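Take a look at the structure below.
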Amino acid sequence: MRKRARIIYNPTSGKELFKRTLPDVLIKLEKAGFETSAYATEKVGDATTEAARSLEQNYDVLIAAGGDGTLNEVINGIAEKPNRPSLGIIPMGTVNDFGRALHLPTDIMSAIDVIIEGHMTRVDIGKMNSRYFINLAAGGQLTQVSYETPSKLKSIVGPFAYYIKGFEMLPQMKAVDIRIEYDDEVFQGEALLFLLGLTNSMAGFEKLVPDAKLDDGYFTLIIVEKANLAELGHIMTLASRGEHTKHPKVHYKKAKSISVSSFTDMQLNVDGEYGGKLPGNFLNLKQHIEVFTPNDIKNEEIIEQ
C-alpha cells in the first residue's frame, strides 16, 4: 500500500533551492512508493496550520523543508494530537541545529534518501507554557542573537553570523534577578541567561550540551550567573570547545520539569525565534515524535551525541 506524504516547505529558505528542486523531489518520492503533495508557506504560522490540517487528512509522513523555524512550526501543528505522522526533515536553514544533531545530510536528495530508507528514531520534545519546541528554549539578551542577526549577514557568512552578533551584544548584557525551579532544586539569584537544551547543537555551537541525549526525557539546563565582560567572553570561547560546563559562573544540570520566573522582563527564545516573556513552565515530553534518521548511524550515536 502506498504511503501518503505531505511536504511543508519554506520557499525562501536556502536561497529558494528547495523550491527549484521540488519537481525532482516529487518524482523521486513517487518512484519510491509515496503519494506526495506539497505546500509552500507564505507567512509565520502557515506551517503549523498546514501540519494540523495534514494530520486530519491522515497523511502517513510529514516532511518539513526549511530552517529550524519551519520545523518548530510543524511540530506545533502535530504535538498535541494522537496518531502523529512520522516526520521527515530536509535541512534548508542557516544553521539547522536539529538536523545537525540527527546527522542529517544537507543535500536535498540525500535527505530524501533518508526518508525513503525508512529508519526512524523517537525523540523528546519540550513544551513551554502552551507551545512546543524541538531543540532549545532560553532566556536573556544573548539568546536574542538568533532572531536579531540580519538575514543578509547570515546568507554571507552562515552560522558565523551568530558569533559576530553575539560578541557585538556582550557589552549590552545585564543580569536579571531570577528564580529557576528544576525537579527538586532551586536557583535564585542574578543570571545573564538560562538555556534548556534537547540536543547538542544550538545556534551553531555543537558542543554547548556535550552529553546531550535525544530520548532520555531530560532537558539540559544551563544557567550563566552575573559575570563581567571578560568572564562572559571567556565562557563563550569555552562553549565553542564544550569546556564551559566547569566554569564557576556556569550551572549545568539535568531536569525533566523546569519553572522560571522573575519580577524583571526577560525575553524568551524558542527554537531560534522570539517566544514571549517570562514566566515560563517547561516540560520534557519523552520520545514524543518519530523522525527519519540515517540508517548507517546507530541510534546510540544519535542519542549519545
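Note: Cβ is positioned from N, Cα and C throughout, glycine not excepted.
Among the features that Swiss-Prot reports, domain 'DAGKc' is placed at 1-132.
Positions annotated as ATP binding site by Swiss-Prot, on the basis of sequence analysis: Asn10, Pro11, Thr12, Ser13, Gly14, Thr41, Gly67, Asp68, Gly69, Thr70, Leu71, Asn72, Glu73, Thr94. A simple way to gauge crowding: the CB of Gly67 (ATP binding site) has 25 other CB atoms within 10 angstroms, across all the protein chains here.
Cβ neighbour count for Lys213 (Mg(2+) binding site): 20 (other Cβ atoms within 10 Å of its Cβ, all protein chains included). Look at Swiss-Prot and you will find Lys213, Asp216, Tyr218 tagged as Mg(2+) binding site.
Under the heading active site, proton acceptor, Swiss-Prot lists Glu273, citing similarity to another entry as support. Residue environment of Glu273 (active site, proton acceptor) contains 16 other Cβ atoms, counted within 10 Å of its Cβ in all protein chains.
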Listed binding-site residues (Gly14, Gly69), ranked by Cβ neighbours within 10 Å, top entry: Gly14
Pairwise CA distance, Tyr218 (Mg(2+) binding site) versus Leu71 (ATP binding site), rounded so that it is a whole Å: 21
Suppose we draw a 10 Å sphere around the Cβ of Tyr218 (Mg(2+) binding site). How many other Cβ atoms does it contain, all chains included? 19
Asn10 (ATP binding site) has how many other Cβ neighbours within 10 Å of its own Cβ? 24
Of the recorded positions Lys213, Asp216, Glu273, the one whose Cα sits nearest to the Cα of Glu73 (ATP binding site) is Glu273
In chain order, residues whose C-beta lies under 8 angstroms from the C-beta of Leu71 (ATP binding site), counting only those at least six residues away in the same chain, are Ala64, Ile89, Phe98, Ile134, Asp271
